[in-house]
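> Please find one structure pasted underneath; my questions will follow.
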Amino acid sequence: MDNTTKDERARTEQSHSRWEKIKKNCMSPWYKMISVEPTMFLYMFAFMITSVVEQDFFVQKACRVNNNFTDEICSNIKADENAAYKKQVQITTAKFHQIESISAHVFPIVLALFLGSFSDRRGRKFPLLMGLTGKFIYSVMIVVNARMKTWPLEYV
C-alpha cells in the first residue's frame, strides 16, 4: 500500500509540474514567443508591397519637384510625346537610387562585422530590431516627404 501511495504522489507531482510549465508558458509575455520566421515574413511582405508604390512616388516626385515639370507632363510621363521629359526624370531617379543604395548599404556592411559575434553572444533579437527600426524610420521619412509638396526627392 505504501508503494501505491508513493506512485500516486509521484504522478500527482508530475502532473502539477506539467501544469505549472504550461501555465508559465501561457502567461509569458507575447513578445517572448515571437520567433524569427514570422517576423521576417511580415517584414518582407510589407517591403514588397511598399517597394512598388515607392518607385512610382520617386518618379512623380522627381518629375514634379526636382525637374519642375507641369502636372500635365508628369501625369502622362509614359506617353511618346514626353520621351525627353521621361529621360530626364529617369536620370534624376537613377542618381537618387544610386546615392540611396550606397548610403543604405555602407552602414550595415560595417555593422555586420561586429553584430555577428554580438548576436552569437546576446541573441538575434536586437540586431533584427535594429534593421526593422531603420526600415520604419525610412518609411516614415517617405510619408513625411510625400506630405511636403515642395521637398525634393533627396530629402528621403
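Along the chain as shown, the residues are counted starting at 1.
Heads up, the Cβ atoms here are built off N, Cα and C, so glycines get one too.
It should be emphasised that the depicted structure is a prediction, and the values quoted were computed from it without experimental measurement.
So TrEMBL says this about it:
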TRANSMEM  30-49  transmembrane segment
TRANSMEM  102-119  transmembrane segment
TRANSMEM  126-146  transmembrane segment
> So which residues does the transmembrane segment (30-49) touch in its own chain, when a touch means Cβ under 8 Å and the partner is 6 or more beyond its ends?
124, 128, 132, 135
> For the transmembrane segment (126-146), could you work out the same-chain residues 6 or more beyond its ends whose Cβ comes under 8 Å from its Cβ atoms?
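Hits for the transmembrane segment (126-146): 36, 39-40, 43, 47, 50, 54, 57, 61, 104, 108, 111, 115, 118-119, 153, 155-156.
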> Using a Cβ cut-off under 8 Å, which residues of the same chain at least 6 positions beyond either end of the transmembrane segment (102-119) come close to it?
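Distant contacts of the transmembrane segment (102-119): 126-127, 130-131, 138.
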